[in-house]
Amino acid sequence: MKRIVQVKNVKIGEGIPKICVPIVGATSKEILDEAEKLKELTLDIVEWRVDFYEEVFDIEKVKDTLSKLTTTLNEVPLIFTFRNKIEGGEREIPIEYYLKLNLEVAKTKLVDLIDVELFIGDDLVKEIVEVAHDNDVKVIISNHDFFKTPCKEEIISRLIKMIQLNGDLPKIAVMPQCEIDVLTLLYATNEVKHKYPNNSIITMSMSGRGIISRIAGEIFGSCLTFGAAKKASAPGQIGVEELNSVLKVLHENI
């Protein structure tokens, strides 16, 4: 039986792929203003990309903004993400602070999911996963390659590793250098879908070349896609209303 990851009233892994929209404001005001505007859109989940937040090194300010953000979003599930620069993020932070930030946020129980980067190391990933689960927070274990698309076997290997580390939602995003790279990502996604049917996964091929991967998740096996409300947080993101329309057409004709 396929594993459904439920956050609030949203069931990730069931039916049509869910749409997540990132918030990338630099100040608390910008973040909360973005959240207000998102209420007008048809979306399922919001991701706070805290690496864009100028006060990210002040945990108390992070918690304060987080509290206000969850109040504004109300019943919309929230992903908390600090994306390191090497994986396409806005800035880099020391690994010790990355760990502390994620653990402290998990303990607030104000977020529904935390995104943890696979390559921070197994022990740190396990520690964050354990604390998050103890506080009823789900975990996305992720990997982003903004330079290339690894071979099919490597993509599959990374997704399996995320499953073995007890991630609720393994996620991989890769950069295609040609059309075949996009097919490689889709092939790997489909293979994991069939070999590990009990696990929901998130995959995407970035840039305009990889756009098919953002809309065809229901066919190949990716349960969540990212759309842009304003500023895209990754290359190739589609406007959320357009994304909704395309996903609906595909869903109704599969």
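Using N, Cα and C of the backbone, Cβ positions are placed for all residues, glycine too.
Record features (Swiss-Prot):
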- Glu47, Trp48, Arg49, Arg83, Arg214, Ser233, Gln237: 3-dehydroquinate binding site (BINDING)
- His144: active site, proton donor/acceptor (ACT_SITE)
- Lys171: active site, schiff-base intermediate with substrate (ACT_SITE)
List which of the recorded positions Glu47, His144, Gln237 have their Cα within 10 Å of the Cα of the residue listed as 'active site, schiff-base intermediate with substrate', in sequence order.
His144
His144 (active site, proton donor/acceptor) and Trp48 (3-dehydroquinate binding site), Cα-Cα, nearest whole angstrom:
17
Would you kindly give the Cα-Cα distance separating Arg83 (3-dehydroquinate binding site) and His144 (active site, proton donor/acceptor), rounded to the nearest Å?
9
